[in-house]
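Written out below as structure tokens is the structure these notes cover.
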Amino acid sequence: MARRVLHHNSSNHHPNNVTSPLLSLSLALLCLLSAPAASAQLTRTHYAGVCPNVEGIVRGAVQKKIQQTFVTIPATIRLFFHDCFVQGCDASVMVASAGSNRAEKDHPDNLSLAGDGFDTVIKAKQAVDAVAGCRNKVSCADILALATRDVIALSGGPSYPVELGRLDGLRSTAGSVNGRLPQPNFSLAQLNSLFAANGLSQSDMIALSAAHSVGFSHCGKFANRIYNDPTLNRAYATQLQQMCPRNVDPRIAINMDPITPNTFDNTYFKNLQQGKGLFTSDQILYTDLKSRPTVDAWAGNSVAFQQAFITAITKLGRVGVKTGRGGNIRTDCGVLGR
């Protein structure tokens, strides 16, 4: 994914000096009735009664897509991150602009999302809907969450149980993307602030950053630092300068992990120890002493990293989940209300 990759927090105001038990009970009931959708409504067995083989169906479609192109893996991961960070995990990033509505996918920060990520979800949705009992029963949001787990596992990363029950969002606007996605030049404080606003800790942020273990970015996203950034490994900087000379097409793609670019692993952290983080926001995880101990720990312990990653991506998948009247199940992932 070329940039790292969530939903507004609501605050509850409680009156002071409430002494009536009846009033307290009424307020409690009101809070329960008006509370936003919670992650507790997600379950691993959500489709057991209607589409029990959904995970196998999605995995089969994902495997077929990966055989066509490796880009499927980083493209799907990045799509999930960009979806969840804007209005929550509701497949709103899948929606195409229509009429006067400019959708999320057409925001400048999303224009570099690879088409293979979208195609992975579309193909998996078609495979699911080809099964009579499953047709129009499984959301695009859940299919994206499952496909993300599958591409991670199929590229050497951990497999993990996926909580299900998300509905697809009812709106998608380019304006909602503003300020929601981390940028390549972010500092540790900026990264932590953005992730914390969505219930994710510094540890979660560092673990999720390792999605940069697979995939690529474009010269235009990091060219500003390859000539004058002292935190960048000198030999690596020279290599990058050769691949991204000053007048090169900014769309030229470069592997984000120069050592194991096709494997989801903890080499990402080993690279940071050697000054080989492609983005400033990658390398800062090592140069900033507040996050360096975590990088060092996971560079030396793959199992600990994988456990932390599972925790983090599970939390990510709970962000801004739509349920009830807050969403629906699209028959076409790219069209609202269908």
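Residue numbering: from 1, along the chain as shown.
Cβ atoms here come from the backbone N, Cα and C positions, even for glycine.
Since the structure is predicted, the reported quantities are computational estimates derived from the model, not experimental observations.
Residues or ranges marked as active site, proton acceptor in TrEMBL: H82.
If you look up TrEMBL, you'll see P182 marked as substrate binding site.
Summarising the annotation, TrEMBL assigns heme b binding site to H212.
Sequence-distant contacts (6 or more apart, same chain, Cβ under 8 Å) of D265 (Ca(2+) 2 binding site) comprise G156, G157, S213, S302. Among the features that TrEMBL reports, Ca(2+) 2 binding site is placed at D257, T260, D265.
Summarising the annotation, TrEMBL assigns disulfide bond to C51-C134 (among others).
Sequence annotations record features per position, and here TrEMBL assigns disulfide bond to C84-C89 (among others).
Under 8 Å, Cβ to Cβ, and six or more positions away along its own chain, C140 (disulfide bond) finds A91, M94, V121, K125, D168, I329, R330, C333. The feature disulfide bond is assigned by TrEMBL to C140-C333 (among others).
Within the same chain, residues at least six positions away from C244 (disulfide bond) with a Cβ under 8 Å of its Cβ are C219, F222, A223, I226, I252, I254. What TrEMBL lists as disulfide bond is C219-C244 (among others).
Summarising the annotation, TrEMBL assigns domain 'Plant heme peroxidase family profile' to 41-337. Across the domain 'Plant heme peroxidase family profile' (41-337), the model assigns an average pLDDT of 97.
The signal peptide annotation in TrEMBL covers 1-40.
The local packing around R78 (site 'Transition state stabilizer'), expressed as other Cβ atoms within 10 Å of its Cβ over all shown chains, amounts to 26. The site 'Transition state stabilizer' annotation in TrEMBL covers R78.
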Compared by Cα position, which of the recorded positions C51, C89, H212, T260 is the closest one to H82 (active site, proton acceptor)? C89
Local Cβ density at C51 (disulfide bond) - other Cβ atoms counted within 10 Å: 19
Check: min Cα-Cα distance from C51 (disulfide bond) over recorded positions C84, C89, H212 goes to C89
From R78, C84, C89, C134, P182 (recorded positions), the ones whose CA sits within 10 A of D257 (Ca(2+) 2 binding site) are none
Taking the centroid of the Cβ atoms of D257, T260, D265 as the Ca(2+) 2 site, which other residues of that chain lie with their Cβ within 8 Å of it, listed in sequence order? G156, S213, V214, I259, P261, N262, T263, F264, N266, T267, Y268, N271
